[in-house]
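The compositional bias 'Basic and acidic residues' annotation in Swiss-Prot covers 952-967. Under the heading region 'Interaction with ACTL6A', Swiss-Prot lists 495-827, citing similarity to another entry as support. Here Swiss-Prot flags 951-977 as region 'Disordered'. Swiss-Prot lists 7-32 with the feature repeat 'LRR 1'. Among the features that Swiss-Prot reports, repeat 'LRR 3' is placed at 56-78, with the record citing sequence analysis. Swiss-Prot lists 104-126 with the feature repeat 'LRR 5', giving sequence analysis as the kind of evidence. For 197-222, the entry in Swiss-Prot reads repeat 'LRR 9'. The repeat 'LRR 10' annotation in Swiss-Prot covers 223-245, and the record cites sequence analysis as its basis. What Swiss-Prot records for 247-268 is repeat 'LRR 11'. Positions annotated as repeat 'LRR 13' by Swiss-Prot, on the basis of sequence analysis: 293-316. Residues annotated as repeat 'LRR 14' in Swiss-Prot: 317-339. Annotated repeat 'LRR 15' per Swiss-Prot: 340-363, in sequence order. The feature repeat 'LRR 16' is assigned by Swiss-Prot to 365-385, with sequence analysis given as support. Under the heading repeat 'Gelsolin-like 2', Swiss-Prot lists 629-703, citing sequence analysis as support. Per Swiss-Prot, repeat 'Gelsolin-like 3' is recorded for 759-831, and the stated evidence type is sequence analysis.
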Amino acid sequence: MEATGVLPFVRGVDLSGNDFKGGYFPENVKAMTSLRWLKLNRTGLCYLPEELAALQKLEHLSVSHNHLTTLHGELSSLPSLRAIVARANSLKNSGVPDDIFKLDDLSVLDLSHNQLTECPRELENAKNMLVLNLSHNGIDSIPNQLFINLTDLLYLDLSENRLESLPPQMRRLVHLQTLVLNGNPLLHAQLRQLPAMMALQTLHLRNTQRTQSNLPTSLEGLSNLSDVDLSCNDLTRVPECLYTLPSLRRLNLSSNQIAELSLCIDQWVHLETLNLSRNQLTSLPSAICKLTKLKKLYLNSNKLDFDGLPSGIGKLTSLEEFMAANNNLELIPESLCRCPKLKKLVLNKNRLVTLPEAIHFLTEIQVLDVRENPSLVMPPKPADRTAEWYNIDFSLQNQLRLAGASPATVAAAAAVGSGSKDPLARKMRLRRRKDSAQDVQAKQVLKGMSDVAQEKNKNQEESIDARAPGGKVRRWDQGLEKPRLDYSEFFTEDVGQLPGLTIWQIENFVPVLVEEAFHGKFYEADCYIVLKTFLDDSGSLNWEIYYWIGGEATLDKKACSAIHAVNLRNYLGAECRTVREEMGDESEEFLQVFDNDISYIEGGTASGFYTVEDTHYVTRMYRVYGKKNIKLEPVPLKGSSLDPRFVFLLDQGLDIYVWRGAQATLSNTTKARLFAEKINKNERKGKAEITLLVQGQEPPGFWDVLGGEPSEIKNHVPDDFWPPQPKLYKVGLGLGYLELPQINYKLSVEHKKRPKVELMPGMRLLQSLLDTRCVYILDCWSDVFIWLGRKSPRLVRAAALKLGQELCGMLHRPRHTVVSRSLEGTEAQVFKAKFKNWDDVLTVDYTRNAEAVLQGQGLSGKVKRDTEKTDQMKADLTALFLPRQPPMPLAEAEQLMEEWNEDLDGMEGFVLEGRKFTRLPEEEFGHFYTQDCYVFLCRYWVPVEYEEEEKTEDKEGKASAEAREGEEAAAEAEEKQPEEDFQCIVYFWQGREASNMGWLTFTFSLQKKFESLFPGKLEVVRMTQQQENPKFLSHFKRKFIIHRGKRKVTQGTLQPTLYQIRTNGSALCTRCIQINTDSSLLNSEFCFILKVPFESEDNQGIVYAWVGRASDPDEAKLAEDILNTMFDASYSKQVINEGEEPENFFWVGIGAQKPYDDDAEYMKHTRLFRCSNEKGYFAVTEKCSDFCQDDLADDDIMLLDNGQEVYMWVGTQTSQVEIKLSLKACQVYIQHTRSKEHERPRRLRLVRKGNEQRAFTRCFHAWSTFRQAPA
C-alpha cells in the first residue's frame, strides 16, 4: 500500500481481536508514520512484530491477552513511548528488557497477570513512572530502592502477589492516589506508611489478614481518601482509624467477623456506598439514619431481624439500593418504603410474612426480589392503583356502566366494593372538599381579573394611533404580525445565545450543523448559512446572518439556504438582514468573520431532488447458519462452496436463489426464504424474483453464475465453524489526523441508551451502539461495512470510505471480501442481520388511538392527564354480567325435536373407508368413532306458501271466473297449485382424532356428486366431535353414541369400555360418549354403560346400565333404551342401580372400586368464557352451555366458573397482554358474582394447559388428552 493514502494521517488504531498468528501481522502498519497509539490485544502474538520499529512517534502500545514470552525487540528504539500495557501474557523476568526503563517518557507500565517472580531489574530507573501495575504475579518482595526513585507514582497495584512486607520507603509516595494491595499475606505489615500518603484517594486491602492490631491508629491526615476496601479479613469491629476519614464515600467491610457498629458512623457524612455483607451483625445503630447521602447499603448474610433495622431508616432519602438477603427478617420497617429514590430492594432468603402496603408507592423501584420466603403474603394493591390496566378501567362500577346496567345496580356494586364506612376518612374527604372549593373560587376570581386586564389592554391598543413613542411613525415591518412557526426541528434552543460562530450546511433541503473544526472550508457544490453572534455596545446579543452560495450549487440548495436564513432570523427575533454571499465574490465583512482564511473544496452533497440511475448489483453468495436467528456468511462464487448440510443464498440483484442442501433443515430453508423476501421488499422494491432450489434440481443459469457445476458437492465446512467476532470501529477525525478506536460493545457506556440486561453478557452487536452523528466501520472478516450517520460530517464520511478500503487491503482477508457503504435508514438486510434485534419499527403506544396521540401533543399537566383518561382503550366485558342461560325444558326440547324430524324426508349416511366414502349400514346409525369421518345427506321438505288472490282484481274478472263451468275451474286450480319444494343439507362429521384427509376427500369427490344431483339446493355443514348442530342431533333422538378409535378395528377388542350419558343444557344435546374405564369417574347424578366382553362365542359379554341414585329418571329410561338398541342379543344386558353392583363382573371389569363424586352441583352453575384480542380490542364472550374440551382455544384465555371456583385457563400460545387483561377480567367477574350470589363466593385459580385438576376436567363431558393438530 502506497503511503499516498490516508495511512500516514492515522494517529491511532485498535487492531485488537484480529488473528496475527503465523506471520499475518500487516506490513502496511509501517506506513502509519504518525501513529501515536496502537492496540494489539487478543491477536495471538508470540513476539513483538518488527514493523513497530518504524513507528517513531508511537506513545502508547497495548499488547494484552496474547502469548508473549518476551518484550525484547524494538521497544527501546521508540523514543516517544510513554505507555506499555502487556497484561495477561506469559512474561517472565528474563523476558522484560532492561533498556525500556531508560526511556525518558515512560510513565505507564502494566505487567499484571504474568509470571514475574520479582520486580523487573532497572525498574527504579524509570523516574517518570506514574502508573505501575504488577498485580497477579508471584512477586515476594519489593526492593527498597524502587520507591526512592519512583516518587511521582499516582497509581500502584501490587495485588495478588506473595508480599509479606512493604518497604518503609513507600512513605515517599506523597503523590500516590490509588494503592491496591489485595490478596497479599501482609499479616506482619503494620502499614505505618499510610499516614504519609497525603494524596491517597483509593485504598484496597482485601484479603490481606488485617486485624485491629495491624492497622494504623489514625488516618486523619488522609483528607482525600474516599474509597476503602477491607473485605475478606479478620476484623471483629470497624477499625477506629476509619472514623477519622472526612471524605469517605465508599466502604467495603464485607466477609469479616463484625458483630456491631459504633455510633460514630454518623461521622461519614459523605458516605455513598456501605457494604457490610457476610458479617455477624444483629442490629444497625440508629446513627446510620444520619447518612443522608448513602445510596447503596448491602447487608446480605447477617443475622438481622425486624428489630435490628432502625425505624428511622426512611431518612436515607438518597438510598437507591438496599440488599438484605439471607437474614432473619420477618418484616421490614415501613419507613424503608418512604425512600423516594429506591430502585433495588433484595430481601430473598428471609422469613418474611408480609411487606408494608407502602411498597406499592415506590415509583422508582426496578428490582424487588422476595424469593425463598415461603410464608410471604404480598399486601393488596391500593384500589386507585388497580383501577386501570393497559389504559382500561377494570373497576366493577365502570364495567357495569359500560354494559348498560342501571344506576341502582352500579351503586350497589360500589357499596359492595367499598366495605365498611370509615368516619375518619369521611372527615378528611369533607375537609379536602372544602379546601378544593376555596381553590375553585380563587381560580374563578383570578380568571375574571385576567379577562378584565386582557380586555383593557386590547382596548388601549386599538385606541392608540399607529405611532411610535416620540410621535414618529412606525416602520411598516414593525406592524406586521410574524407567523408563529416551529423552527425547533432545524435549530436548537442554544443557537445564538453565546458569542461565537455557527455554520449550517444545506443537505436534503434542511440545514445540518457543521463542526467547528471545519469552519472556513466550503464545498463548491454546496450552500451554507453562517451566523455570527456578538455583544453590542450595550452588552446585548446581536447577530449577523449570511448565506453562502457555492459556484457549482444546485438550485434547490440555493433556495433552501435563503429560506432557512430567513427562518433563522425569525427564530432569533433578529432585526438584521440576511446577506447573500457568492463564491469568489465575498464581501469584506464576511471574510473578516473567518479572518480572511477561507478555502474551497471540490465536491458537495447530492441534490435533494431524486435522480434516476441504473442500480448496479454486486453478485454475492452467502451460507446460512444459526438456529434461532440465522446469520449469513459470504462464500466464494463457485460451486465448490456449496455444502449439502446448509442453505445458501445467491443474490444476483433482481434474481435471488435460495439453494437447499440435501441435508439442510427445513427451518433454515424457511428462514432463508423470509430473509430473501426482506431483501426484495426493502432493497429491490419488490422487483426481484426469488427462486427456491433443491439440491439436484438446479437450472443451468444457476451454475452459470457459479462458473459451472462441480463434480461432487461435499461436506467441507467444519462442524465447529463459527466466524470471527465482528469488530466495530468508530472513525474519528481531527485537525490533520485520523483515529480508529474499537467499540467495546460489552460496556453499557458505549450505547446511546442502556440496553436490556439479558443482552449485555453475550458480546452482541446492538443498534444502540450507532450514533447518528458518527461514522463506523464494521469488520465482519469477509464483509466490511461502512455505516454513515445521517448527521455525520462529510469529511469524516470521505475519510472512512478511504480508510475502510485500506483497512481491508492491509489486513488478511479472503478474496471475496467486499467493502460496502450503508447510510443510516437505508441499511442492507445483510448488515442488519449482524445486529441483535435490529428494530425498524417505530415505538408506538398501542394503548392509545391515533387521534388521542395527536390531541395529546402539546398538552401538559392536568389537561394531558385528563385527556388520557377520556381516551381509554375499548374493552367489552358485557358477557360477564349477563345471567347464565337457563336449561331448555324437556317438553320444549321434545317439541323442537319432533318438528325438525317432521321436515326430514330422508337421511343417508356414508363413512370414510380408506380413500372413499361407502354407505353406512342402517344398524350403525347413531354410532360414531373418534378416528372416522361421516357424511349424512338429509332431504328436508320446504313448506309451500300459496299466493292470495289480488284484491285489486276488478269485479268483471270475478264474475267471468264464477261463470266458468265447475270442471274447468277445478282443472285450472289444479294446474295453478305449485309443487312441494325440498332442500338438501350435507352434514360432514369429523372425529377429534381424525385427520383432515376426510374433509379433502369429501370436498373433491362426494360433494361434487351431490352438487350435480341437487344444483342450487345443496348446503354443506362441517362439524367436529361434540360441536354438532342441534338440528343434526335431533335426528338421532338422543341416542348419539361416540366410541373411541376406528370402526372395524375397535369392534373386536376385548377390553372393558365405559360410556357416560350426559345432557348439556338441553335434551337435544344428549350424548353417550366413551370415557376412560375408571370407577373414579362415576357420579351419582349420571347414568353410565359398562361393557365387559367375554372370550366365549356363545356369549360375547355382559353390558350394565348403571343408574346413579340422584340421576334424572328420564335419563335412566334413556340409558335403558340405549342399552337395548346399542347391543344385540349376543350380549347379556342388565340395569343396575347405584349400590347394587355385582362384584364379579362390574367392579372387576371397571378396574376395582374407587371413591367417586356423589353429586354434580357444578352442572347448575358451569359457565365457560373466552378472553381474546382477535377483534382488535379485548373482549370476553361466553360459550354456549353445550361446550366441550376442544372449545379451549390454545391462543386465548378461558374462564370456567363451576359455582365454587373461577378457573383461569392459560393456553401455551397466549400472549402476556391477554394474560394480564384476563386476570383483571377474572377479578371483575368474581366481584360481580359476590354481589349477586352472597352464599356462593368464588375463588380464583390458575390452570395451565396440561395441568388441569379433576375439579376442572369434570365440567367437560368425556375429558381426554388434547387434540393434536390434524394432519
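Using the three backbone atoms N, Cα and C, a Cβ is placed for every residue, glycine included.
Beyond the ends of the repeat 'LRR 5' (104-126), by six or more residues, the same chain brings 59-60, 64, 79-93, 96, 98, 132-143, 145-146, 148-150, 157 to within a C-beta distance below 8 angstroms of the stretch. Looking at the repeat 'LRR 13' (293-316) alone, the prediction's average pLDDT is 94.
The stretches the repeat 'Gelsolin-like 2' (629-703) and the repeat 'Gelsolin-like 3' (759-831) are in mutual contact, each linked to the other by at least three Cβ pairs under 8 Å (pairs 6 or more apart in sequence). Tertiary proximity for the repeat 'LRR 13' (293-316) is limited to same-chain residues at least six positions away from its ends with a CB under 8 Å from its CB atoms, namely 254, 269-286, 322-339, 341, 346. For the repeat 'LRR 16' (365-385), the list of distant contacts is 325, 342-357, 359, 417: same-chain residues at least six beyond its ends, Cβ to Cβ under 8 Å. Distant neighbours of the repeat 'LRR 1' (7-32): 1, 38-46, 49, 51-52, 54-55, 62, 724-725, 727, 729, 732, 734, 736-742, 803, 806, 809-812; these residues of the same chain sit at least 6 beyond its ends, with a Cβ under 8 Å from one of its Cβ atoms. Mapped onto DSSP classes, the repeat 'LRR 10' (223-245) shows 5 helix, 3 strand, 15 coil. Helix, strand and coil counts from DSSP across the repeat 'LRR 13' (293-316) read 8 helix, 3 strand, 13 coil. The residues of the repeat 'LRR 15' (340-363), classed with DSSP into helix (H, G, I), strand (E, B) and coil, number 5 helix, 4 strand, 15 coil.
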